[in-house]
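Please read the structure below before turning to the comments.
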Amino acid sequence: MTNAASPTHPLSALLADVAVRRQHGATNPIIQALTLDSRQAGPGTVFFALRGAQTDGHQFIGKAVALGAAAVVCEEMPAEQQADTLYIEVADSATAMARMAATFYGHPSRQLKLVGITGTNGKTTCATLLHKLFRELGYHVGLLSTVQNQIDEEVIPATHTTPDAIRLNELLARMVRAGCTHTFMEVSSHAVVQHRVTGLRFAGGIFTNLSHDHLDYHGTFDNYLRAKKGFFDALDKNAFALTNADDKRGPVMLQNTAAARETYSLRGPATFRARLIENAVHGLHLDVDGRDAQFRLIGVFNAYNLLAVYGAAVLLGEDATEVLTVLSGLTSAPGRFEPLLAPKSRITGIVDYAHTPDALENVLSTIADIRQPSQQVITVVGCGGNRDAAKRPVMANLACQGSARVVLTSDNPRFEDPNEILRQMQAGVQAPDLGKVLTIPDRREAIKTAVALAQPGDIVLVAGKGHETYQEIQGVRAEFDDRKVLAEMFDLLGK
Ligand SMILES: CC(=O)N[C@H]1[C@@H](OP(=O)(O)OP(=O)(O)OC[C@H]2O[C@@H](n3ccc(=O)[nH]c3=O)[C@H](O)[C@@H]2O)O[C@H](CO)[C@@H](O)[C@@H]1O[C@H](C)C(=O)N[C@@H](C)C(=O)N[C@H](CCC(=O)O)C(=O)O
Ligand SMILES: Nc1ncnc2c1ncn2[C@@H]1O[C@H](COP(=O)(O)OP(=O)(O)OP(=O)(O)O)[C@@H](O)[C@H]1O
Ligand SMILES: N[C@H](CCC[C@H](N)C(=O)O)C(=O)O
Ligand SMILES: [Mg+2]
């Protein structure tokens, strides 16, 4: 796990910010790598035993040590200990891991301007727009997002919205070495709770909005809100905290932060204000802080994303006029309201990552705002398995409210039975809507059917998977790209 750029440190040097409860073993080994997975342990590594959702890393301490781990950080000392291994007991392994990872990689977050974006929807869009914007303004820029990580134009695949603390600091260190001055990253609620971002220095934080998602993980909406707020509570006084004043939970985010409190709004007084002039097929027309601006992005929700991005750029010291000029030319993130026109029939396909009720409602109301009365909307949608089940009936109902026809299908079933997920979705369909709904578990067939149902000029929305290039069934990821399947069906059906 080491490479030429990997640092080495005596273990004692990594404990500077860590409250050690107890320590066993007299050695002070030289550390070459950190890991949270016993299977990756080896000589010169520190193994962090984390209590997870599936299992408890403490069970694997013996395995990590057998593979040669030089040190173990845990919350409970193992009964059996090896004399040549150093055991460190802390109150919280995840916090210790984040602090030690930051130290191990030389605190890369302090060497660039790091901006974190949190909220239910819009994180990828805002982070991607900020990355594109700052590239065009001439900077070297890092990006950590659901779709992919990037160092300037170099793409590094992403497995999570926010990587674990070790991977995160390693990526930030790579960005610093590549000369990046700014990095824009998504901060998921899971990341806050699991301390993936603990110990990082942020130049700023952005809040987009809060609605129903991930209640499977957080339990209650209140816990979910607290997770998001936790990110702002941890910002320091040199940072900015930029919140959406129009979101019911926007002001709460700033309640206990030490950072400079800034707001954006389309409705009232705020640090950064915009007024919607037009929301059309060809894009948004806004008045931003008294400047007239046209954008290529579509939908009122994107007016919020654009305003948040503009505000953050200005708070980072950029010139407002220049920022607006560059922003007007930018297109959205992959799989976010991505249009695809059928060549012969003028059917408009739209692929969107809406996988929450709020996002689906936004996309459908955006389509309603921009469509002609003669254009019918046909929606293909499913819900992921092993994720929040409460959203399933709600999303099916919303699809019915905003569409002429609905094809319910599978998203990523993961380890759940796709038919059971679909039954839970169907429960949300109201009696008068039953006639407009078809249920087709095979996503390819579902898309094909929607395209077959579409008349010239109609709009086919394929929601939920956006940029994803796979479908995950029973732990296996098979190649699947809504954009490709849609294009294939336009072709196959001669549309
Ligand atoms: C619910 C969740 O967040 N899970 C993450 C968590 O896994 P976990 O708690 O289930 O871990 P576990 O399997 O119980 O194992 C506990 C510990 O034992 C260790 N272990 C396990 C087995 C072994 O042989 N040896 C060993 O050392 C594991 O490495 C782990 O450290 O810690 C793992 C290591 O960091 C993550 O990969 C894993 O992400 C899973 C894959 C995941 O799906 N996460 C999603 C829900 C997620 O994080 N999503 C958010 C936001 C999404 C959004 O934007 O909407 C994200 O930031 O991506
Ligand atoms: N500001 C917004 N408000 C509401 N909905 C939005 C907003 N921005 C984007 N959306 C909708 O939410 C979907 C997801 O957007 P995006 O990927 O930017 O969010 P995210 O916060 O990164 O999501 P995730 O939690 O999955 O990483 C988009 O496809 C769009 O339908
Ligand atoms: N980051 C989100 C993405 C969900 C995307 C959707 N396609 C699904 O698989 O449920 C999650 O892991 O919950
Ligand atoms: Mg995202």
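Including glycine, each Cβ sits where the backbone N, Cα and C put it.
Listed in sequence order, Thr208, Asn209, Ser211, Phe301, Thr356, Asp358, Ala359, Asn362 are the same-chain residues six or more apart from Asn121 (ATP binding site) with CB atoms under 8 A from its CB. The ATP binding site annotation in TrEMBL covers Gly119, Thr120, Asn121, Gly122, Lys123, Thr124, Thr125.
Contacts of Asn412 (meso-2,6-diaminopimelate binding site) defined by a Cβ separation under 8 A and a same-chain sequence distance of 6+ are given as Gly384, Gly385, Lys465, Glu468, Tyr470, Gln471, Glu472, Ile473, in order along the sequence. Positions annotated as meso-2,6-diaminopimelate binding site by TrEMBL: Arg387, Asp411, Asn412, Pro413, Arg414, Gly464, Glu468.
What TrEMBL records for 31-105 is domain 'Mur ligase N-terminal catalytic'.
Mean pLDDT for the domain 'Mur ligase central' (117-313) in the predicted structure: 94. Annotated domain 'Mur ligase central' per TrEMBL: 117-313, in sequence order.
What TrEMBL lists as domain 'Mur ligase C-terminal' is 335-466.
With a 10 A radius on its CB, Lys228 (N6-carboxylysine) counts 24 other CB atoms from all the protein chains. Taken from TrEMBL, the feature N6-carboxylysine covers Lys228.
Under the heading motif 'Meso-diaminopimelate recognition motif', TrEMBL lists 411-414. The residues of the motif 'Meso-diaminopimelate recognition motif' (411-414), classed with DSSP into helix (H, G, I), strand (E, B) and coil, number 0 helix, 1 strand, 3 coil.
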* Who are the chain neighbours of the motif 'Meso-diaminopimelate recognition motif' (411-414) in space, where the CB to CB distance is under 8 Å and they lie at least 6 residues beyond its ends? -> 355, 381-387, 421, 443, 464-465, 468, 470-475
* To do: Across all the protein chains here, work out how many other Cβ atoms are within 10 Å of the Cβ of Thr120 (ATP binding site).
  => 21
* Asked: For Arg387 (meso-2,6-diaminopimelate binding site) and Lys123 (ATP binding site), what Cα-Cα distance in Å is obtained after rounding to a whole number?
  -> 19
* Asked: Setting Arg387, Asp411, Asn412, Pro413, Arg414, Gly464, Glu468 aside, what same-chain residues sit with their Cβ within 8 Å of the center of the Cβ atoms that define the meso-2,6-diaminopimelate site, listed in sequence order?
  -> His355, Gly382, Cys383, Gly384, Gly385, Ser410, Lys465, Gln471, Glu472
* Structure fact -> Counting other C-beta atoms within 10 angstroms, the emptiest spot among the binding-site residues Lys123, Arg387, Arg414 is Arg414
* Structure fact -> For Thr124 (ATP binding site), the closest of the binding-site residues by C-alpha position, picking from Pro413, Arg414, Gly464, is Gly464
